[in-house]
Amino acid sequence: MEADGLSTTMEEGFKGLLRLMGSVKNYDWGRSAKESCVGRLYRLNSGRKIDEKQQYAEFWMGTHDSGPSYIVEEGGRIQNGYANGGGVRNKSTLKDWIEKNPSVLGETVLSKWGTQLPFLFKVLSIEKALSIQAHPDKDLAILLHKEQPLVYKDDNHKPEMALALTEFEALCGFISLEELKVIVQTVPEIVEVVGNALAELVLDLNEDDEEEKGKLVLRKLFTEIMSASKDVITEVLAKLISRLNIKNKVRELTDKEQLVLGLEKQYPADVGVLAAFLFNYVKLNPGEALYLGANEPHAYVYGECIECMATSDNVVRAGLTPKHRDVRTLCSMLTYRQGNPEILHGTAINPYTMRYLPPFDEFEVDRCILPPYSTVAFPSAPGPSMFVVMGGEGTMTTSAEVIVAEGDVLFAPANTNITIATSSGLHLYRAGVNSRFFEE
């Protein structure tokens, strides 16, 4: 079988591009088929019809077993699993191919991570808030996978980054001590759940206290809220929503208060609605990115984004979800670090490309927007790359020229020089191993 003019069987020194078919995830928090970027990408990428009754939430590109990418033969778009004159190679995943061709990862990556592609690339379309969650560090991931393999499906950690495609909203990390005191003083429903004594402990904290003391108090506060009985939460949320609706008639509600009203409509009587007061409410513009380390609480709220992470699907959930909750594990694993998260704006690496470098070895993301009649070079990198075309059309040239358009996904081996050109305009993203990793 040929891919872009080169054999995709075992072959040392493969320098071409592999065209891939990604996997789609339909979750209730996704967007409708007609409005979802994920649905559109999957239809164009696979050639398959999308189900108008489904919500399209995630498009996966990588080697994780929960959503593998498949190698596609040249000769036409995929139609119901097979392209005109080609299609998805029978049981030939990118993971299988890399295991047979490990040199495509480059010596440094292979030495560090073996034949596992270290990053997982996704597109997300979010209509309804995702769960309040955190991802375990490596040691905890190993333990959780061993104890509950059906829930925690691998033994890897999952640092991640979300790069906004549209205006994007998220809850991320705990608010500062100053903000926390304001919340305790102005949200009586929280005090009703945790009690006056714990509320006083929060108000008695000051910036001169040892950091660990503040973390212990915050941990106790958060744990008390998340562990409250369903009856208690139902009662206090009814009071909260009634109070906010009355306040809304006499003053404009804060962004956080408006968010809480919206979350309660999506997840009635859910403890996560009350817990949302404790998190930073972040709004990203297109082209801004947010990264999340291990054991940091977060919940994506609304919008569409490019997401990249270490290759893992481990999620510990505790609110805003109908899925399995593990409140004890979540409350015990968090760092309880406070303050606003860092927003990445990207660094220009050429006139058309911004690079986003989170503090994780496994990945970086490039955002490339080419105007009509322009060309850009992606010099060879010591590790592999994955490209997804979000709009327009053009060519990608290595040892051969490949025509690409919206929905195309391509894998580039390590040490591959790529030239990208367009006459009409092209919008694409690249994921690769973090450049700083190779400088160490």
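Going from the start of the chain as shown, residues are counted 1 onward.
Cβ coordinates are placed from backbone N, Cα and C, and glycine is handled just like the others.
Keep in mind the model is a prediction, meaning the values are calculated, not measured.
Taken from TrEMBL, the feature domain 'Phosphomannose isomerase type I catalytic' covers 17-174. Residues or ranges marked as Zn(2+) binding site in TrEMBL: GLN133, HIS135, GLU160, HIS298. Sequence annotations record features per position, and here TrEMBL assigns domain 'Phosphomannose isomerase type I helical insertion' to 209-278. If you look up TrEMBL, you'll see ARG317 marked as active site.
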Express the distance between the Cα positions of ARG317 (active site) and HIS135 (Zn(2+) binding site) as a whole number of Å.
9
Around the Zn(2+) site recorded as GLN133, HIS135, GLU160, HIS298, what other same-chain residues have a C-beta within 8 angstroms of the site's C-beta center?
ALA134, LYS158, LEU292, GLU296, PRO297, VAL315
Under a criterion of Cβ-Cβ distance under 8 Å and sequence separation of at least 6, what residues of the same chain contact HIS298 (Zn(2+) binding site)?
ILE132, GLN133, ALA134, ALA170, LEU171, CYS172, GLY173, PHE279, LEU292
Cβ neighbours of GLU160 (Zn(2+) binding site) where a neighbour is any other Cβ within 10 Å:
25
PLDDT averaged over every residue in the domain 'Phosphomannose isomerase type I catalytic' (17-174):
87
Using a 10 Å radius around each Cβ and counting other Cβ atoms from all shown chains, which of the recorded positions HIS135, ARG317 yields the largest count?
HIS135
